[in-house]
2 protein chains.
Amino acid sequence: MAIRLDASSPDFERAFETLLTGKRESSVDVNDAVAKIIADVRARGDAALIELTNKFDRLSLTPETLRIPDAELDAAVAACDAKTLDALKMAKARIEAYHARQKPSDGRFTDAQGVELGHRWTAVGAVGLYVPGGTANYPSSVLMNAVPAKVAGVERVVMVVPMPDGKVNPLVLAAARLAGVDEVYRVGGAQAVAALAYGTATIKPVDKIVGPGNAFVAAAKRQVFGIVGIDMIAGPSEILVVADGQNDPDWIAADLLSQAEHDESSQSILVTDDAAFASRVEEAVAAQLKLLPRETTATKSWADFGAVIVVKSLVDSVPLVDRLAPEHLEIAVDDPEPLAARIRNAGAIFLGRYTPEAVGDYVAGSNHVLPTARSARFSSGLNVLDFMKRTSIVRCDADSLGRIGPAAVALATAEGLDAHGRSVSIRLNK
Amino acid sequence: MAIRLDASSPDFERAFETLLTGKRESSVDVNDAVAKIIADVRARGDAALIELTNKFDRLSLTPETLRIPDAELDAAVAACDAKTLDALKMAKARIEAYHARQKPSDGRFTDAQGVELGHRWTAVGAVGLYVPGGTANYPSSVLMNAVPAKVAGVERVVMVVPMPDGKVNPLVLAAARLAGVDEVYRVGGAQAVAALAYGTATIKPVDKIVGPGNAFVAAAKRQVFGIVGIDMIAGPSEILVVADGQNDPDWIAADLLSQAEHDESSQSILVTDDAAFASRVEEAVAAQLKLLPRETTATKSWADFGAVIVVKSLVDSVPLVDRLAPEHLEIAVDDPEPLAARIRNAGAIFLGRYTPEAVGDYVAGSNHVLPTARSARFSSGLNVLDFMKRTSIVRCDADSLGRIGPAAVALATAEGLDAHGRSVSIRLNK
């Protein structure tokens, strides 16, 4: 059973602060083991990658079988049942359409001093996409990572996916094919991250690595950061539902459980202005939990990290939401826009009574890779700009350098950087 | 003396690869010491911060004197000599104008299925700006970090700057005042980063920390990442000049030295299609080195990491530039645009013979915080988006959920996430 907080209670601030700062993830220190794996792959390339895959995934490979041939990806598409394949295609098309609008424009202008200024966006050259094996092996995540990269114009998208005992979810391979992934390798863990970062004879190195993974993968991404770019380190999922008493408690309970089922460390929070409604939702959660195949996970998540907060008015939810900075925020009221407009920190906002967060996980078109653990205070969900970079452009001629150059010389002198000043002054009065 | 490489030589690729992968920075492991400092500030707040400042900076403070009063900042502005103050004001105005154009737009649209989609950008609530003490204590860096934050709409910009033995560069304080920094504290090191991340009684916590610093500051930023956002970890400066034989060798030599003077680990590279010109630049560098107050630093940087690469045609520089991905790229030819258009990886490009990189350090308006160590392959210079974050927005009604919802249910089922599917299906056919 989730905790219940009453915002009008004198000890609310203390209880809310506990909710806010509670640690949901226990971090395992695997840094030394990961450093050894990376050094090994860096030194011995394919040979190390193959040995480690044999050891950890019980899969015997050769340099020739590291890569999954395109024919095998095509076969995975062909083996999909029609309904799932159609759903994957719809999701891919909608993600593509949404992200295509994120493509940034280049710009140039000449200012009053005659200096030409601008910027240009270019795609990252090659991106590695990590796809976990086991239970978190989601075709939707392949689409959410690979499609924005392709929309950005990344020429080479390389996927790695472990195949423990030779097994892989064929839907993941089908999603890779649909998303236009260029190369797929059957390796995982820190060894796959090392291969992507440093390259081997078979796997050419990439410039950036994205995608979720276990503690080994996360540690490996942190360790190769700098050599390559990485995306955020994703934490357990979160949903915060702001709902008035006019909702169907079963609907809201279903939404809370949609995140609780992900992981025992997931967090589902309801904020409502109706204490009686809150109780009905709690009852509905209890009833629905029993119907879930993932009952154990969802029950533990709801009991350990779930919360129901009763506020006097829904407007009072705004500062609470901003402090929690949830990954997913639902605003289930008739007129959600005024409340939404006041919220500053949320990864994604789902408006109204007919927008369960799960549509955003699959087919809304927006990205489901979103900031967790309060990082929506300072970061954004995955988007096309994550696969591009911006180059500044400056051009002076003798006249415009004559206008702004003397100030540069003055500042260089004030900072004691004479060579800086000299590179400007040597061009003045010519 | 910098090394000379000839692109037509049979061992060029090996020599270039050595240049590319050479490590310029020796990293000191200060992680344990930094972890202790952070834990101490987290546990004891102001008291720890004051003790550590006394120990490291030999400066005795109280909670009341941690903050530099606005009057002291005003006095620093008043004490500036007129020429420097004018230059700072010009720089501030130009940085502001350039960055104002980076402000992103929000967007909403309703697609063919009737789903309303969009995104909204909001400013990060509070940003901490680290300014180093000692030799790298640059007023221009204060402007380059604080102005974009203010343009983004950050409400609270907090600066920390160590004052060893009570001393601080008054120009840094003046720049803070001009840039509109809201609070300035006289603390530095890992203890200042910890105070910004976790807060103390006197310093309220921030959401993101930016700005350069020594090994302790860099390690502290890495350790608090997640609690707050951080910017990139900056490495030593780099300049790559692509120049034909029609340039004045003295000008190009001055440009190469403008980065070499920063740090012994800085790197300056010339790529030219004229071997005789290359020799004239080498001679000019040798002559100008003797004139520099920072001769020792620049000489060591040029000798250890400088390079002159002779190519057959300047077009051949394009793949070399993309592999080096320099922080600063000058293209000193009459018609630089065609070459620039082919370059993918560079932090900033300076076009033509009259655009020394140093104008970009001070007054061009573009940002001088740029990706180093080949990270321009996957990252961008500091810009307004670094101080904002993007929230996705999704809104369905019963009809549009009816159109896209079944595909979400199909995918949730395929992924074994029944509660996800249920949160959608419970709303269908109502």
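Using the three backbone atoms N, Cα and C, a Cβ is placed for every residue, glycine included.
Automatic prediction, not curation, is the source of TrEMBL annotations.
The NAD(+) binding site annotation in TrEMBL covers B:Y130, B:Q191, B:N214. Under DSSP, B:Y130 (NAD(+) binding site) is assigned to a strand (E or B) in the three-state scheme.
According to TrEMBL, the substrate binding site annotation covers B:S237, B:Q259, B:H262, B:H328, B:D361, B:E415, B:H420. Less than 8 angstroms from the CB of B:H420 (substrate binding site) sit B:A408, B:A412, each of them six or more residues away in the same chain. Under the three-state DSSP scheme, B:H420 (substrate binding site) falls in the helix class.
As annotated by TrEMBL, Zn(2+) binding site applies to B:Q259, B:H262, B:D361, B:H420. Under the DSSP three-state reduction, B:H262 (substrate binding site) is assigned to coil, being neither helix nor strand. Neighbours of B:H262 (substrate binding site), defined as other CB atoms within 10 A of its CB across all chains, total 25.
Around B:E327 (active site, proton acceptor), a 10 Å sphere centred on its CB holds 29 further CB atoms from the protein chains shown. The secondary structure of B:E327 (active site, proton acceptor), as reduced to three states from DSSP, is coil rather than helix or strand. Annotated active site, proton acceptor per TrEMBL: B:E327 (among others), in sequence order.
Per TrEMBL, the feature active site, proton acceptor maps to B:H328 (among others).
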For the NAD(+) site (B:Y130, B:Q191, B:N214), what does the 8 A shell look like? I mean other same-chain residues with CB within 8 A of the CB centroid.
B:P132, B:V160, B:P162, B:G188, B:G189, B:A190, B:A192, B:V193, B:G213, B:F216, B:V217, B:A220
From the Cα of B:N214 (NAD(+) binding site) across to the Cα of B:D361 (substrate binding site), what is the distance in angstrom?
20
What does DSSP call B:D361 (substrate binding site) in the simple three-state scheme?
helix
So which of the recorded positions B:Y130, B:Q191, B:S237, B:E327, B:H328, B:D361 end up next to chain A, with Cβ to Cβ under 8 Å?
B:D361
Around the C-beta of B:D361 (substrate binding site), how many further C-beta atoms are within 10 angstroms, looking at every protein chain?
31
Other Cβ atoms within 10 Å is the metric here; tell me which of the binding-site residues B:N214, B:Q259 scores highest.
B:Q259
What is the total of other Cβ atoms whose distance to the Cβ of B:H328 (substrate binding site) is within 10 Å?
28
Its Cβ having more other Cβ atoms within 10 Å than any other among the binding-site residues B:Q191, B:S237, the winner is B:Q191
Pop the Cα-Cα gap between B:E415 (substrate binding site) and B:N214 (NAD(+) binding site) into the table, whole Å please.
47
